[in-house]
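Pulled from Swiss-Prot:
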{"type": "TRANSMEM", "residues": "14-34", "note": "transmembrane segment"}
{"type": "TRANSMEM", "residues": "121-141", "note": "transmembrane segment"}
{"type": "TRANSMEM", "residues": "143-163", "note": "transmembrane segment"}
{"type": "TRANSMEM", "residues": "175-197", "note": "transmembrane segment"}
{"type": "TRANSMEM", "residues": "217-237", "note": "transmembrane segment"}
{"type": "TRANSMEM", "residues": "247-267", "note": "transmembrane segment"}
């Protein structure tokens, strides 16, 4: 028995792994929460060129600015990115730079009102995207169970991606939100690939073979997309590109579980039961 045949024969066991992973990710999201970036909650982001470590910069920023909720991380370019949940004047920024012996590379400020507008837009965009996908999927298949399975896989992809964001500290920003929308688009493609390839082979004795064959194509897509996303993750010169790459990688991990295990199991059981 080959590798792909073993994969199909063990779908029942793999489904347990998929569900456990989803529960862990959902729990992480609820317990830890996904941090919102300044473009969604408002505030100031300062990029400093300094040799001081992020912890030192955080403590200095809190002391000078009188704000406790300060975050500082080292970027892939070696700069320190400081996020402060309030408006900073030019004097505030210069004081911070002098305190840590650094130079100001850039400053980005988002007002609280604009941040709320962005956040409200995000909360509307995701449900609209899922509704649009549900209409398209149902129009293609005209099969409620298959359509529900695809939408279930999409929802699990988002749950898993948000959980991994919570665990790794990747914030929810406009950039990472774009990554989440990319996940929806990619997941629709992979689920339709699986569903179309398998539904066309209706006879029960061919279902496992159809799933295994479609998995070969799907896992090749995952491998090539992951390679591109990892290159962007490692070599990106922009924080936005870094966040997009991270979220896409999380989504690809989730899609392997939710398309090629969860949805494959639903399709096999649906066809086998006819």
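Every residue gets a Cβ built from N, Cα and C, even glycine.
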Sequence-remote contacts (6 or more beyond its ends) of the transmembrane segment (217-237), Cβ cut-off under 8 Å?
76-77, 186, 189-190, 193-194, 197, 244-246, 248-249, 252, 255-256, 259-260
Other parts of the chain folded back onto the transmembrane segment (121-141), taken as Cβ under 8 Å at six or more residues beyond its ends:
40, 147, 150-151, 154-155, 158, 172, 174, 177, 180-181, 184, 188, 191-192, 195-196, 199
